[in-house]
Amino acid sequence: MGDEKERTETLDGTPAAAEAAHRPPTAFLEVRDLRIHFPTDDGLVKSVDGLSFQLERGRTLGIVGESGSGKSVTSLGILGLHNRRNANVSGEIWLDGQEIVGSTPDQVRRLRGRNMAMIFQDPLSSMHPFYTVGNQIIEAYRIHNDVSKQVARKHAIDMLGRVGIPQPDKRVDDYPHHFSGGMRQRAMIAMALSCDPELLIADEPTTALDVTVQAQILDLLRDLQEEFNSAIIMITHDLGVVAELADDILVMYGGRSVEYATVDDLFHRPLHPYTWGLLGSMPRLDRERSERLLPIKGTPPSLINLPSGCAFNPRCAYAELNDGRSETERPELKELEPGHSVACHLPLARRKEIWDNEIRPKL
Amino acid sequence: MIAFIVRRLVAAVLLLVIVSMVTFAIFFLVPRLVGSTPDDLASRYVGRDASPTSVQAAKKRLHLDDPVPLQYGRFVKGIVAGDEFDYGPQTVKCSAPCFGYSFRTSQNVLDLIKDRFPVTASLVFGASILWLTGGVAVGVLSALKRRSFFDRAAMSIALAGVSLPIYFTGLVSLSLFAYTWKIWPDGVQYANLLDNPVKWAYNLVLPWVTLAFLYAAMYARLTRSGMLETLNEDYIRTARAKGLPERTVITKHALRATLTPILTIFGLDIGLLLGGAVLTESTFSLPGMGKMVVDAITGNDLPVVLGVVMFTALFVVLANLIVDLLYGVVDPRVRHN
Ligand SMILES: Nc1ncnc2c1ncn2[C@@H]1O[C@H](COP(=O)(O)OP(=O)(O)OP(=O)(O)O)[C@@H](O)[C@H]1O
Ligand code: SF4
Ligand SMILES: [Mg+2]
C-alpha cells in the first residue's frame, strides 16, 4: 500500500530524492530494473526479475528466449495489463517521458491503443468471438478518435486493406472464426495499428504460420514501421525471425537478460553460452530439425527456485571453467563492449576463443 | 435458416414420439410384465368397490385387453385424429388432440391441462424474471468483487439457496409471512390474472419468491463462475489493451460472453418448469400442472400422468428449439446459414 503511494508521487514528479534516483529517461522507451512476481500457492513466481532495456522510435528490439522465459509477462507489464491483485510489479517503465509502473490504472489505460499497442500471441483466442473483425477495429479506433461509426468503418476497411486482406470491404463484416490463421494474424495487426501506436509490441506474431505467410507478415511490419516510424518490440523464441527485422536483441533466460546487443554483434560475436545454444538450434532451411548441431540440453529453469549462481549453470557446458562461481555467484549484466552487455563469469578472452574455435565452425 | 428450423421440428416430433413410447411402456407395458392383468387396470379405473360387470365394461371401453402396441397406436391416433368412447347407451366423442379421460374424475385430460396450465405459467413467468435478474446481478457483482465481503455473503446465501428444499423455504415463508405476520392472512389463493390482476400478483408473491430463490441461487453461482472464467479470456485482455474503459470491458465484452450459455440453461429451466413446478405448487397448494400430476400419480390416474408428461416433453422440446434459434443470434459461431 505504502509502495503504491510512493509510486504515484514519483509520477507526479515531486520529491527531489526520487528525482535524483530516477534519472529522466533519454530514450523513447526505457525499462529499468523491471520485476514482475506472482505470489502463488507453490511460491513466488519470479517471471521477470531485473530487466532493463531501451528502445528508440523507428527501431526494433527483438526479445528472444525459450518458452517461459518471461517474454509475454514483460510485454503485458509494459502495457500495464497485469492485475495488481495477483502480480507484484516494480521497477520503472518510461514511455515517452511518462512512467507506467507507478501510474494509476486510468492513466495507463489512456496510453494503451494510441501510444502503445500489442499484437497478441494467439489471434483466435485474442479476438472476441461474438463481434465482427470490423467492429473490433472500429471500437479500437473510436476509443481514441472522436469520429462517427461510418468514418471509423472506412478506417477499419482501410486498415484491413493495408495489412493485405483481400476484399476488405467484405471481410470487415466477418467474424474472427471466418478468417484463416494468417488472415486472423493480419486482422489482429490491423487492430493493433488502428490508432498508429508509437510503440508496437508483437508477441510471436508469426508462430503457427507457414513460412510464406510468416515472411509476408514480417514484411508488413517492416513497411508499417517505415510508414509510422513506430518503435517495435518483436518477441519470439526463434532467432531467425528477428535476424532481419531487429536492430537490437535482448536474450532472456529465466526472467533475466543474459545478453543484450546489436543484431550484428549478437549473430557474429555472441558472448553468452545460452545465445550460442539458441544460434545452434535455429531452424534452417538447409538443415533438418533433428540435425541441430548445438542443442540446448535440459529444460528451462523453475521460476520459483532458480538455480543458484548463474541460472543457466545446470545446462551450461562451460560452468566448470569458473572456479565454482557459476554455481554460487549470480553474474551481473555487464557492458563488455560498447552496446554489448552479457551476464557470464567466463573470462572474455576465453569466451571469444570458444566462440571462434568451437562454436562458429559448427554453425 | 428455414431448413434448420424444419430439421429441428422433425427432430422434435421424433423426440416426442420416443418420449410417448417410453412413458406409455412404463405405465402400460411394465405393469403387465410384473404381473398385473387388464382386470387390475380396469378396476383401478372404476374404483375399489366396483362390481365385476362395471370392471368388465371399463376394460372393454378402454380396450385394455388389446396388446400394448395396439393400445399405443390408439393413444397416438387419439392425439392425431381424436377418439370415441363407447359408454353403452351413448358414445362420447373426444376430438383431436385427445389424451383420453381421467380415471378418477372422467374429465377430458386436455381440458384439465388447459385448466391448470395458466397457474403454472403464472408462477414460472414471475419467478423466472426474478431469478434471472437477481441471480445474474448477484453473480456478476460477486465475480467483480471476488473475495470481498459481498462475494462471501452472497455465495454463502446462494449455497444455502441451492441446498434448502422448496418445501422447507416455502413452509418457512408461509409460516412467517402468512401466519405470523399476517401479510397474507389467508395463505396463498390462486386468482385468475384476467379476473383480478392485483389479486393474482398479490397471491403469487410468496411462491414467486420461494421458487426464484432456489433458481437465483443457482444462477448466481453459474454467473459468478462463468464471469470469472470469461475475465481470464485472452479477448478480455485484448479489450483492455485497446484502451477501453473497464466498464465497457465488463459490460460489452465480458457480460456478453458470460450470459450466452446462461441463456441456454434459462430456456431449458423454463421449459421443464412449465410442465409443473411440482414442489412449489404442492407447498403452496397452487392448482397447477405439478400439483395435478402429483395427485394423478398417487391416485394411479394414468391418462393424466401420461398427458402431463407429454406436455412437459413438448415444452422442453420447444424451449430447446427457441434457445437454439436464439443462440444462433447471439453467438455467431453457431449461426445457421
Ligand atoms: N498470472 C501468472 N501467475 C503465475 N505465473 C505466471 C502468470 N503469468 C505468467 N506466469 C509464469 O511466468 C512465466 C513466464 O511466462 P511468459 O508467458 O512470459 O513466457 P514466454 O516467454 O512468453 O513463453 P512463450 O514463448 O511460451 O510464450 C511462465 O512460467 C508462466 O507460468
Ligand atoms: S556464468 Fe557459468 S554457467 Fe552461466 S553461462 Fe557463464 S559459464 Fe555458463
Ligand atoms: Mg509468450
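Even glycines carry a Cβ here, placed using N, Cα and C.
Record features, source TrEMBL:
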type     : residues  : note
DOMAIN   : B:117-327 : domain 'ABC transmembrane type-1'
TRANSMEM : B:9-30    : transmembrane segment
TRANSMEM : B:119-144 : transmembrane segment
TRANSMEM : B:156-180 : transmembrane segment
TRANSMEM : B:200-220 : transmembrane segment
TRANSMEM : B:262-284 : transmembrane segment
TRANSMEM : B:304-330 : transmembrane segment
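Tertiary neighbourhood of the transmembrane segment (B:200-220): same-chain residues 122-124, 126-128, 130-132, 134-136, 138-139, 142, 154-155, 157-162, 164, 166, 169-170, 173-174, 177-178, 184, 188-193, 262, 265-266, 269, 273, 277, 280-281, 283-284, 286, selected by CB-CB distance under 8 Å and a gap of 6+ residues from either end. Under 8 Å from some Cβ of the transmembrane segment (B:304-330) lie the Cβ atoms of residues 4-5, 8-9, 12, 15-16, 19-20, 23-24, 27, 75, 79, 99-100, 102-104, 109-110, 112-113, 117, 256, 260, 263-264, 266-268, 270-272, 274-276, 289, 292-293, 296-297, 336, all in the same chain and six or more residues away from its ends. Just going by CB pairs under 8 A, the stretch in B:9-30, B:119-144, B:262-284 that sits most against the transmembrane segment (B:156-180) is B:262-284. Within its own chain, the transmembrane segment (B:119-144) is flanked in space by residues 150-151, 154-155, 158, 190, 193, 200-201, 204, 207-209, 211-228, 231, 250, 255, 258-259, 262, 266, 269-270, 273-277, 280-281, 286-290, which lie at least six positions past its ends and keep a Cβ under 8 Å from the stretch.
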